[in-house]
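Trainee: Sharing the record's features from TrEMBL:
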DOMAIN    1-450  domain 'Major facilitator superfamily (MFS) profile'
TRANSMEM  24-40  transmembrane segment
TRANSMEM  60-78  transmembrane segment
TRANSMEM  90-113  transmembrane segment
TRANSMEM  125-146  transmembrane segment
TRANSMEM  158-177  transmembrane segment
TRANSMEM  197-220  transmembrane segment
TRANSMEM  255-274  transmembrane segment
TRANSMEM  305-323  transmembrane segment
TRANSMEM  335-354  transmembrane segment
TRANSMEM  360-380  transmembrane segment
TRANSMEM  392-418  transmembrane segment
TRANSMEM  424-445  transmembrane segment
Amino acid sequence: MGSVHSTTTAEVPRHSKEFRVRRFFNWFPLGLTYALLYMGRYNLTVSQTALGDLMPKDDFGAIFGVGAWVYALAFLINGPLTDKIGGKRAMLIGTLGACLANLGMGLYLQHVLAMPDPKSAPLKLVFMILYGINMYFQSYGAVAIVKVNASWFHVRERGWFSGIFGIMISTGLFLAFDINERIMQFAQAHGLPGVEATRWVFLGPAVLLATFFLLELLFLRDTPLEAGFQNFDTADASSGEDDTRPPVLQVLRKVLTNPIIITIALVEFCTGVLRNGVMHWFKIFAKEHIKAGTLEGWQYVNDNWGLILMVAGIIGGMTAGYVSDKFFQSRRAPAAGFLYGICFVAALLMIPFLQSGWGLGALVFLMSICVIGTHGLLSGTATMDFGGRKGAGTAVGIIDGFVYLGTGVQSLALGYITMRDWRFWPVFLAPFALIGFYLLTRIWYALPTRARAATTPKTATP
């Protein structure tokens with residue numbers, strides 16, 4: 001069995017080269033699969049801008065809101081279930097389920113667009129059901145990725161992992177917004193007229209998810225031990241415990257009675273409002289300006305929206321993780337709080353710049369850096385720290401569930417608000433940035449027990 005590392009409790013483990021290579025082949029395909037789940041999740045926004053009157057903004061808000069709340073509530077099943085069955089099985093279930101749901105949406109859309117009167121089809125109802133099914137299976141993704149990596153990364157390495165998590169999310173956003181759009185344009189250029197090509201926004205991700213399902217089946221392992229290496233002490237909330245899986249209710253009770261995890265969940269509710277309140281609605285707002293003939297700034301930012309979000313996510317994820325580990329001894333709240341403060345100021349500045357394509361584009365880019373960086377740090381890293389190896393699935397399920405409760409709130413609220421007056425869009429967002437910042441100040445010095453003990457200087461006994 002391969003050697004893993006040499007370390008003392010307070011140190012970052014010194015892993016062997018063989019271990020680092022095997023760990024790369026564990027998390028890299030896992031990260032790409034997670035990015036493809038995003039591609040098959042946020043393709044709904046691309047379809048809305050293409051379908052126009054077939055999916056008006058309030059219908060889109062309702063469909064996305066239902067999906068978000070299904071995702072949020074699914075943690076009651078999927079978080080504890082993932083802690084029981086392991087991250088690999090959870091990721092395989094999620095990938096296959098999302099693949100089939102996207103296939104269903106693509107085929108149903110093909111059927112609707114072939115009808116003499118597409119508007120007579122119950123598109124909203126059917127998409128609520130299919131997208132809800134999609135989001136149930138999507139909810140396995142974040143839970144699985146954190147569960148797997150909790151066994152492969154020491155607590156002192158997880159700020160770096162936060163950066164990786166941010167890059168995964170960012171790549172997924174690029175795939176969702178830009179590559180899905182390019183797939184649709186390619187289909188239009190090769191024989192599918194206009195709106196009929198929209199089905200490929202769903203069929204394309206389905207094909208890619210099926211491919212990566214097979215790759216994960218071959219490469220993914222839950223723990224170093226399963227890959228032929230020794231397991232090691234990760235210095236998180238499960239530190240010092242053996243590798244047996246505790247009863248589900250015990251894990252759930254431990255996580256739900258942790259005030260730090262509950263506070264992080266409330267912060268991530270605000271993140272869900274802000275992240276999706278910017279990410280989806282800017283593109284819809286830009287499309288309205290373009291259709292009205294106002295192109296300056298709007299056209300460029302809209303055409304490169306996925307790339308812009310990818311760059312924002314990489315900057316946010318890497319910065320948040322580095323700052324947390326380098327300057328705050330792996331405390332997550334100060335780095336996230338700094339980003340939330342910037343986000344609040346940017347949300348207020350959206351009000352005077354609302355009709356400027358370049359000005360608003362710059363502000364939503366800045367807000368995206370902040371919210372994606374925060375999300376990676378809290379959902380991707382703090383969940384491993386405070387949930388530990390054994391409770392990581394349940395912890396991320398709860399916290400990511402709150403992200404999508406917030407997503408559902410903004411989806412329905414902004415679907416209603418933007419049908420009436422876009423000026424209230426930033427007014428709706430700003431208070432959530434302020435609330436998130438305040439909550440982070442309440443856990444400013446929080447560290448998992450074992451890591452805190454490792455960083456506290458020992459006093460000599462007289």
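A Cβ is built for glycine as well, from the same backbone N, Cα and C atoms used for every other residue.
Because TrEMBL annotations are produced automatically, they should be read as predictions rather than curated entries.
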Trainee: Let me spell it out: take the transmembrane segment (360-380), skip the flanking residues so only those 6+ beyond its ends count, and list any with a Cβ under 8 Å from a Cβ in it.
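Mentor: Hits for the transmembrane segment (360-380): 142, 145-146, 159, 161-163, 165-166, 169-170, 264, 267-268, 271, 274-275, 278-279, 282, 297-298, 300-301, 308-309, 311-313, 315-317, 319-321, 324, 332, 335-336, 339-340, 342-343, 346-347, 349-350, 353-354, 396, 399-400, 403, 436.
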Trainee: Counting Cβ pairs under 8 Å that are 6 or more apart in sequence, does the total for the transmembrane segment (197-220) and the transmembrane segment (335-354) reach three or more?
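Mentor: As far as Cβ distances go (cut-off 8 Å, pairs 6 or more apart), the transmembrane segment (197-220) and the transmembrane segment (335-354) do not touch.
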Trainee: Using a Cβ-Cβ cut-off of under 8 Å, list the residues of the same chain that are 6+ residues beyond the ends of the transmembrane segment (60-78) and lie near it.
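Mentor: Counting only partners 6 or more residues beyond its ends, the transmembrane segment (60-78) has Cβ contacts under 8 Å with 44-45, 48, 90, 124, 127-128, 131-136, 138-140, 143, 272, 276, 280, 284, 393-394, 397-398, 400-405, 407-409, 411-412, 414-416.
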Trainee: Out of 90-113, 305-323, 335-354, 392-418, what stretch is closest in contact terms to the transmembrane segment (125-146), meaning most Cβ pairs under 8 angstroms?
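Mentor: The stretch I would name here is 90-113.
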Trainee: Counting Cβ pairs under 8 Å to the transmembrane segment (24-40), which of 90-113, 305-323, 335-354, 424-445 comes out on top?
Mentor: 90-113
Trainee: Select the range from 305-323, 335-354, 424-445 that forms the most Cβ-Cβ pairs under 8 Å with the transmembrane segment (255-274).
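Mentor: Looking only at 305-323, 335-354, 424-445, the most contacts with the transmembrane segment (255-274) come from 424-445.
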Trainee: Taking 90-113, 305-323, 335-354, 392-418 as candidates, which has the most Cβ pairs under 8 Å with the transmembrane segment (424-445)?
Mentor: 335-354
Trainee: Find the average pLDDT over the domain 'Major facilitator superfamily (MFS) profile' (1-450) in the predicted model and report it.
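Mentor: Mean pLDDT, the domain 'Major facilitator superfamily (MFS) profile' (1-450): 84.
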